[in-house]
Amino acid sequence: MIYFQILLDTVIMLVLCFSLAGQAIRFEKNTIIWFICFHILCLILRYRRTGNAVWWEGFDANNFDLLPVNNPILLLVLLMCVLMLNSSLIYSISNMKVIVVTFLSFLIWILLRTFSIAGAGLIMAQDSDVFSYIHRGITLLLALMLYLLLITKRGSFYLGDYSGIFPRIMLVQSAVVVLCIVIYANFETSFVTQNLLLILLLFTLVISMNLWIIYEHHKQTRQEKRVSAIEQYLPVIDELVSEVRARQHEFHNKLLAIHSIVETAPNLPEARAQISAYTDNVIMQSEIREVLQLDSKVIGGFLYTKMRIAEQRKITLTPVIHVSFGHIVTEEHQLVEILGVLIDNAIEASFPEDEIIVTVQRTEKEGLTEISVMNPGPPKSSTDFIQMFNKGYTTKNTAQGSRGYGLYNVKQIVLQHKGRLITRNTEYKGITYLSIGVLIP
Amino acid sequence: MNKLLRLEWNKLRWPVLITMLSLSLVVSVLSGTIYKSYALEHDLEAWEVGIPFIVFLFPLISVLPTGWLMYMERKDRFLMYTLPRVKKSRYILSKWMIVAGSSFLIMFVAMLMGVITALYIKPDITPIYSLVDRSTGEVAPSLERLHFMGSLFVNQPLGYGIMLSLWQGFLSAIIATLAFVLSLYVSNIFIVLIGPFLYAMLENFILNLFKLQDYKIYDSFEPGFYDTDKLGYWPLLAGPAMALLFTTLIAIYFSKFKKVTVYPS
């Protein structure tokens with residue numbers, strides 16, 4: 001029955017669009033609407049008004065194996081509709097990503113379908129009644145494997161946001177070329193089977209080229225982020241070190257003066273008072289000492305910057321770090337992102353005279369590193385904590401644009417490294433504190 | 001108002017001019033080439049056989065160069081900047097006039113260029129008649145009898161071409177108005193730019209399903225062999241009227257029921 005073919009086609013497109021957009025398929029309103037709309041669309045595009053007594057006999061059966069449509073005009077309509085569905089129903093993806101995801105879905109659809117037709121052709125005759133169902137079944141299987149790879153195994157991280165002009169142009173171009181080939185072939189499956197070797201070679205080339213472009217771009221983006229973090233925070237710590245060195249000479253003089261005070265003071269309390277008054281502005285803040293002792297200059301510089309920002313708001317930021325960053329597997333720029341989001345959120349939630357405590361320590365059992373940021377605040381329920389990590393969740397003013405992605409991004413980094421999120425209500429110096437952190441390798 | 005109109009035109013002039021010139025070129029090339037594989041009775045038919053693809057895409061062509069303007073100004077909150085300087089209704093009216101007017105201009109100029117190419121630039125065709133006169137048994141011209149406004153088409157082809165180009169420009173403006181109304185309330189660029197095209201497709205499908213194909217906006221855009229003796233002229237107004245009705249319903253739905261405001265609130 002042709003309806004079953006349309007149903008399979010709908011499921012395949014749903015799986016592809018959501019996988020490539022990096023969105024898990026959940027039984028929720030948007031996904032159901034997407035499914036129903038696309039399904040109705042496929043039914044409409046395949047329906048031909050005939051004189052048949054029963055309506056389901058009006059479905060066109062010819063040349064729908066490569067795509068859910070069989071002519072260029074309907075292909076254009078389908079493409080436009082999928083663009084609209086993806087932009088409205090796949091949560092929070094940019095306009096450019098909608099275009100790339102839509103074209104890429106069609107591209108991957110055709111590639112998977114071609115391989116499936118070739119595979120099914122090896123085990124059965126093309127004119128067999130079940131041929132259309134078998135190759136659709138194989139396509140669905142391949143699409144589900146892609147979903148498993150991209151969503152369940154978190155491979156979509158390697159696709160990034162399809163950012164960069166070059167990968168976008170290449171991806172859309174590849175899709176357009178493959179669609180043109182299908183239009184040239186008049187949507188006929190026989191074209192695939194007759195030119196099997198050529199088609200398989202060509203499409204394998206297209207897949208390999210696209211994978212290579214995506215991988216290279218992702219690598220480059222990571223490199224750029226790393227360099228950007230180094231460029232941003234290294235000068236800060238260097239500046240701090242120079243400042244401390246410049247004061248070294250002054251420290252020597254002060255030491256001599258302290259020696260003289262001890263020698264000349266009539267008694268111990270007098271000496272203590274004089275030394276205390278003299279060294280009041282000399283002793284280096286313990287927080288700065290903590291930052292200077294870090295083995296990662298980037299993170300040291302970053303923490304120092306945040307300490308200055310907190311200081312401007314009359315908030316104290318205290319780093320308590322008992323770990324060497326050299327042993328952490330997670331990349332430095334990702335650590336900066338995690339710390340940045342957690343500290344920024346803590347600063348925004350704090351008031352003047354509050355103290356924020358940043359703790360980085362190694363857990364003995366699992367060999368993971370715990371990064372947590374504590375700020376004073378009323379206790380929260382577990383549901384509240386879970387919601388905080390959802391995409392788009394924010395307690396702040398959303399008028400200035402989209403917000404609520406910070407903790408969501410932290411969650412993505414943690415999931416990527418198979419780490420854990422840590423949230424707890426705690427007490428420090430008799431004040432209730434909220435502690436939000438991560439456990440990462 | 002003049003200053004406002006000029007200001008809006010300055011924002012749209014390049015996309016409009018580029019689309020107008022490139023579409024004029026495409027229509028001219030199509031009108032001057034495709035006719036060669038057809039048996040035609042009249043030069044103006046070369047234009048008719050050249051433009052079906054443009055006719056199919058007209059809801060997109062009308063919207064793409066202009067529909068983004070209001071969407072962008074709502075998105076980047078430029079509207080807030082205009083608020084203390086100009087009355088809301090005047091600003092929206094001036095913007096609509098330029099959007100609809102530009103769309104009209106693009107379609108009118110491009111189609112007229114096609115007409116001029118078919119009538120004066122390409123080589124004259126050798127008429128091939130296909131209608132057999134039952135009394136004499138000889139082939140005779142059929143256009144005057146069968147074509148929409150046959151007498152005008154055959155005897156004053158330029159007049160027919162100008163008239164139809166104006167009408168097509170007017171229909172483009174109606175479709176651009178639909179996109180403009182969508183852009184007033186919807187924050188999705190794809191719905192704004194593709195919505196009118198899908199509306200036309202859906203209208204086409206539904207009317208075909210109910211055997212009311214004479215009322216389609218596509219038939220109104222290019223009447224071709226539309227039979228006025230049998231159907232009269234008013235079905236040609238049904239497509240644009242339905243589009244306007246749909247536009248009004250969209251505006252009412254968003255403003256009264258969904259309570260969406262054009263200016264950020």
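Using the three backbone atoms N, Cα and C, a Cβ is placed for every residue, glycine included.
Over in TrEMBL, the protein carries these features:
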| type | residues | note |
| --- | --- | --- |
| TRANSMEM | A:6-25 | transmembrane segment |
| TRANSMEM | A:32-49 | transmembrane segment |
| TRANSMEM | A:69-91 | transmembrane segment |
| TRANSMEM | A:98-124 | transmembrane segment |
| TRANSMEM | A:130-150 | transmembrane segment |
| TRANSMEM | A:162-184 | transmembrane segment |
| TRANSMEM | A:196-215 | transmembrane segment |
| DOMAIN | A:330-440 | domain 'Histidine kinase/HSP90-like ATPase' |
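Each residue in the domain 'Histidine kinase/HSP90-like ATPase' (A:330-440) gets a DSSP state, and the totals come to 36 helix, 35 strand, 40 coil. Highest Cβ contact count with the transmembrane segment (A:6-25) among the listed stretches A:32-49, A:69-91, A:130-150, A:162-184, A:196-215 falls to A:130-150 (criterion: pairs under 8 Å). Nonlocal intrachain contacts for the transmembrane segment (A:32-49), taken as residues 6+ away from its ends with a CB within less than 8 angstroms of a stretch CB, comprise 2-3, 6-7, 9-11, 13-14, 17, 58-60, 64, 68-69, 74, 77-78, 81-82, 85, 89-90. Proximity of distant same-chain residues to the transmembrane segment (A:162-184), defined by a Cβ-Cβ separation under 8 Å and at least 6 residues beyond the stretch ends, is recorded for 66-67, 72, 75, 96-97, 99-101, 103-104, 106-107, 110-111, 202-203, 206, 209-210, 213-214, 217, 220-221. Averaged over the domain 'Histidine kinase/HSP90-like ATPase' (A:330-440), the predicted model has a pLDDT of 81.
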